[in-house]
Amino acid sequence: DRKLKEDENTVRGNWTNKREYLLSMIGMAVGLGNIWRFPYLAYKNGGGAFLIPYFIMLICLGVPLYFLETALGQFCSQGPINTWSAVPLLQGVGMAGLIGNVMVSIYYGVILSYTLYYLFASFQYPLPWTNVLDGVNCTSPQHGTHYVRLCFYPDTIQKYMSVSNWTRENRSCTTSNITTSLTEQYWDQVVLQRSSGLGETGSIVWQLALCLLLSSIIIAAVLLKGIKSSGKVVYFTATFPYVVLTILLIRGLTLEGAKDGIDFYIGSKSNLTKLAEIEVWRDAATQIFYSLSVGFGGVTALSSYNKFQNNLVVDTFLICIINCATSIFAGFAIFSILGYMAHIYGIPIEEVTKEGFGLAFIVYPAALANLPISPLWSILFFLMLFTLGLDSQFAGMELITTCLHDAFPKYIEKKRALIAIVTCAFMFLLGLPCVTQAGIYWVTLIDHFVAGWVVLVIGFLEVFGIFYIYGGRRFITDIEMMIGTKSVWFWLYWRLCWYFVTPFVTLIILVLSLAMSIPPTYGTVEYPAWGLDLGWCMAVFCIVLIPATALYKLAGAQGSFRKVLLCSPSEDWHPYLDVHRGERYSQERFHTGNVVDDEPSCRTCCLS
């Protein structure tokens, strides 16, 4: 046992203890989407009624796929590319996930720079977004056109643009044409310095570039020793958001209008008729994929550092339940304060509710500015967002370094620190176009095309490849080697999902996502045709790696029988340590061609 422990910790590395693994997986799953996407989807799709399709999709899609990816990584102790030695013909699935992860990590790093910017700005009093900049054009019939400074007052929503009849006494303007709130002006003109469209790149916003550099340095420092160092940091980054959410919830519940906000979110105003709309079920499925981070390989990469006999069944249910519970919990904290905001402004809650960037950087900062000691609440909120994003970014960067280590183990084993620094530096350079004046358009473009239906394609091929090519019974036997033999009743749920429910539902959601897809926009700004073409190219580039890799392997195989072998496990498919391979994966049985006897080989199927 002592020798086994030494081998596991020196040859490739393992988590120091179970807590670090669980916190890392929870930190990867619980991200910004839990805060700024799920609450909006819940209120938009029927409030509490949305929980019905949400939990159905969790059981049918989320849990089976999460367990599948965890089992693949833990069984062979390899990243998402090398795990496909189980089905060499589909090794492009792992590559597609890696490239998709790189693209998502680019814009995720930029979002971290946004949160850092707001975090630093929160140390001012009053908060800088409570005032608009000098130079608002006000037109008065008596005095003609002149410039004024509009200040923020809690009892009214100040607007700016072309305004008339401005009076200092009532501190208000009568607006005409388009109006924009103060926080939106701060977000667009100060933080982003946003240009008019994707085609107007402008210059680099140096404040955001410095924040991006700082976040890259932090990530590189954490990943210097791989999971040995990142596993220590997650004790703070994975738990701190829960502390802040609890504080915000308690504070929000003491405010006037909080009850209306919670009722609007998930209370008495739930609309069960929404369940008849197909879009609600599609939103529930895509949120499960997005929230659990399945498809891009991060789950497989982190679970590859598990001990071979770790009980991954308990881990899967625990992580999935905590992730979904966090989404619901975060909604209470968000909507209690949004209800207060609607109360003091005297407007319906739906007029102050947005998703994504609008919620995190426009609506919520405006609400926090109305609270006593507003800088304190703002600091807590944006520090929470930063730590949430860090955990997810740790996993994304760890996935890249894991794939590099698995591809070149002899060259990278003693150079993990250098690889982490070079990788973070490379990602920083790739992120620079996203911190230009047109950067927000690039971020939105990547998010729409890469983080959407691409992950559905990968998820479908994962289930299909393992259970219809590699073999479901064979894979279940592999899992039993790790956790021990279970009864037939234990595997009934997993077999039902893996063979039928999960691939069928995933395929349906994929088709619906493509059929109901609409071109992305940022606010009222539409993308040019070449921008949309570029977005499709990014998505297709990820997917095309799958058939391209298959064709490459087929072209390199000689003879029909060798081509059939591409559907069978290669000699690299086995538990990482010899002591875990047993009779099923012994070298002698590999060379005789009888790797597994408990299920008919797919060679027969391919030949027929």
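Cβ atoms are placed via backbone N, Cα and C, with glycine included.
As given in TrEMBL:
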BINDING   Gly27, Ala29, Val30, Asn34, Ser291, Asn323, Leu388, Asp391, Ser392  Na(+) binding site
TRANSMEM  21-38  transmembrane segment
TRANSMEM  50-68  transmembrane segment
TRANSMEM  89-120  transmembrane segment
TRANSMEM  204-224  transmembrane segment
TRANSMEM  233-253  transmembrane segment
TRANSMEM  288-305  transmembrane segment
TRANSMEM  317-342  transmembrane segment
TRANSMEM  362-388  transmembrane segment
TRANSMEM  417-443  transmembrane segment
TRANSMEM  449-471  transmembrane segment
TRANSMEM  492-518  transmembrane segment
TRANSMEM  530-552  transmembrane segment
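Feature map: annotations from TrEMBL on the structure.
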{"residue": "Gly27", "record": "Na(+) binding site", "Cβ neighbours (10 Å)": "25"}
{"residue": "Val30", "record": "Na(+) binding site", "Cβ neighbours (10 Å)": "27"}
{"residue": "Ser291", "record": "Na(+) binding site", "Cβ neighbours (10 Å)": "23"}
{"residue": "Leu388", "record": "Na(+) binding site", "Cβ neighbours (10 Å)": "28"}
{"residue": "Ser392", "record": "Na(+) binding site", "Cβ neighbours (10 Å)": "24"}
Stretch in 21-38, 50-68, 89-120, 204-224 most in contact with the transmembrane segment (233-253), if contact is a CB pair under 8 A: 21-38
Top partner of the transmembrane segment (21-38) among 50-68, 89-120, 204-224, 288-305 - counted as Cβ pairs under 8 Å: 288-305
Proximity verdict for the transmembrane segment (288-305) and the transmembrane segment (492-518), three or more C-beta pairs under 8 Å: no
Touch test for the transmembrane segment (50-68) and the transmembrane segment (204-224), at least 3 Cβ pairs under 8 Å: no
Sequence-remote partners of the transmembrane segment (362-388) [C-beta within less than 8 Å, at least six residues beyond its ends]: 30-32, 34-35, 112, 115-116, 118-119, 122-127, 129-130, 152, 154, 181-184, 186-187, 236-237, 240-241, 244-245, 247-248, 251, 255, 334, 337-338, 340-341, 344, 352-354
Leading stretch by Cβ pairs under 8 Å, where the reference is the transmembrane segment (417-443) and the options are 89-120, 317-342, 449-471, 492-518, 530-552: 89-120
Feature contact check the transmembrane segment (317-342) with the transmembrane segment (530-552), CB under 8 Å, 3 or more pairs: no
Best-contacting stretch, by C-beta pairs under 8 Å, relative to the transmembrane segment (492-518) and drawn from 89-120, 204-224, 317-342, 449-471: 449-471
Folded-back contacts onto the transmembrane segment (317-342), same chain, C-beta under 8 angstroms, at least six residues removed: 22, 25-26, 29-30, 34-35, 38-39, 42-43, 51, 54-55, 58, 62-63, 66, 242, 245-246, 248-249, 251-253, 255-262, 264-266, 291-292, 348-349, 351-353, 359, 363-364, 366-368, 370
Surrounding residues of the transmembrane segment (449-471) on its own chain - C-beta under 8 Å, 6+ positions past either end: 61, 64-65, 68-69, 72, 84, 86-87, 89-90, 93, 96-97, 100, 103-104, 286, 289-290, 294-296, 498-499, 502-503, 506-507, 509-510, 513-514, 517, 520, 535-536, 538-539, 542-543, 546, 567, 569, 596, 599, 602
Shell list (Na(+); ref centroid = CB of Gly27, Ala29, Val30, Asn34, Ser291, Asn323, Leu388, Asp391, Ser392; cutoff 8 A): Ile26, Met28, Gly31, Gly33, Ser293, Thr326
